Every structure is written in C-alpha cells, then in structure tokens.
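Here's what Swiss-Prot has on this protein:
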{"type": "ACT_SITE", "residues": "Cys45", "note": "active site"}
{"type": "ACT_SITE", "residues": "Asp167", "note": "active site"}
{"type": "ACT_SITE", "residues": "His169", "note": "active site"}
Amino acid sequence: MEPLRDVHVGLSPPSRGPVRLALLSGHYLYYHYGCDGLDDRGWGCGYRTLQTLCSWPEGQPAGVPGLAAVQAALEDMGDKPPGFRGSRDWIGCVEASLCLAHFGGPQGRLCHVPRGVGLHGELERLYSHFAGGGGPVMVGGDADARSKALLGVCVGSGTEAYVLVLDPHYWGTPKSPSELQAAGWVGWQEVSAAFDPNSFYNLCLTSLSSQQQQRTLD
C-alpha cells in the first residue's frame with residue numbers, strides 16, 4: 001500500500017495574528033514505522049524521514065530506497081563498518097545527506113545547531129528555505145534523538161514561532177490525512193516546546209538537485 005501523500009494539507013495556521021508563514025513546495029509521501037511491512041519501531045525513524053525526503057518533490061515512491069538498500073549503500077561507501085547491513089542501528093541527518101546524493105534524490109544541505117541554542121536562531125533560515133521553494137527538512141539530535149521532518153514555519157509577533165512537524169513514529173495503517181492530523185502525527189508545534197534546549201540538532205534541508213531542476217525545465 002502506497003504511503004499517504006501531502007498529509008499536512010487542510011491544517012489551519014497556528015496563529016491568527018499577523019504572521020509570516022511558509023510551507024514546502026512540491027509533494028511528498030508520509031513514510032512511518034512499519035509502512036512497508038518491516039517492524040522498525042525503536043530504530044527506524046531516521047530511515048523513514050529519509051524516505052519522505054527522497055519522495056520529494058513529485059510525491060511518488062519511484063526512487064525511494066528501502067531500509068536494506070540504505071544500509072547497504074552506507075556500508076559500501078565506507079560510512080558504516082562491515083555488519084551494518086541488517087542491523088537496527090540508527091541513522092541521522094549526516095547519513096541522510098549521503099544517501100540523498102547516492103540515490104539521486106534532492107540535494108541535502110546540512111546545518112548544525114549547537115546544544116542549548118534551540119531552533120529560534122534558525123527560523124529565518126527555515127523561512128527563507130521554504131519561501132524559496134525548498135523541500136522537507138530532516139531534524140535529529142543527541143539528547144533528542146527522535147528524527148522528524150519539518151514542512152513549514154510560521155513566525156508571529158515577538159517570540160511567537162511555530163514549525164510544522166511530520167512525525168515518522170506512527171505505527172499502523174492511516175486511512176486519511178485527517179486521522180493523522182487529529183492524532184498529532186502532523187501538525188504545528190511551538191518551537192520552544194518542540195525542541196529540547198539540552199540537545200544539539202542537525203538539519204538536512206532539501207532542495208532540487210541539478211538533475212531535478214533539468215527535469216522540471218524539460
């Protein structure tokens with residue numbers, strides 16, 4: 001069963017006041033725990049977020065690698081030691097950026113957010129990314145090791161700021177985007193509540209690769 005597409009569509013903005021709001025361009029598929037029949041609960045969130053990134057911007061499963069293919073690629077390119085294949089070892093944004101290049105997906109640009117800083121200092125970068133046609137942004141940390149994807153940003157007055165979070169930790173077979181929205185698997189979250197100030201974070205910001213740009217022109 002193909003994953004659901006663009007599951008954030010229909011969500012209301014998080015703030016009613018004057019805001020600057022930017023969402024990702026293009027389309028994506030929502031990959032989550034067990035969506036292909038493999039029980040990866042407890043270790044697969046980084047792989048699932050990577051798969052969502054690979055499905056952008058067409059929102060199609062073609063070209064999206066399975067978990068075994070990701071592990072094989074990382075081992076073959078020397079990023080992981082022999083025996084990584086078939087393991088339950090996690091991956092993060094650095095591995096995701098390597099795999100995006102390896103599998104011919106969108107371009108991935110890494111950004112490091114030091115411990116204790118939080119994402120407030122990255123709001124302008126994220127806003128410019130989404131407003132400029134960027135795709136989903138993978139986020140992962142150390143104290144907060146739960147990988148997730150960001151699909152948009154909303155900056156209000158003062159310190160009010162929200163990010164649109166897509167959580168890959170869902171287990172089951174969702175019937176509709178509204179089901180996921182109601183349960184909070186995709187939704188707007190206040191930045192200070194969504195991210196642990198005691199964790200560093202890596203971001204992997206996706207944009208069209210040169211090959212994808214050429215296909216768009218064609």
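Every residue gets a Cβ built from N, Cα and C, even glycine.
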Measuring Cα to Cα, how many Å separate His169 (active site) from Cys45 (active site)?
6
Report, in whole Å, the straight Cα-to-Cα distance of Cys45 (active site) from Asp167 (active site).
8
According to DSSP, does Asp167 (active site) fall in a helix, a strand, or coil?
coil
Reduce the DSSP letter at Cys45 (active site) to three states and note it down.
helix
Neighbouring C-beta atoms (10 Å sphere around the C-beta of Cys45 (active site)):
24
Counting other Cβ atoms within 10 Å, pick out the least crowded of the active-site residues Asp167, His169.
His169
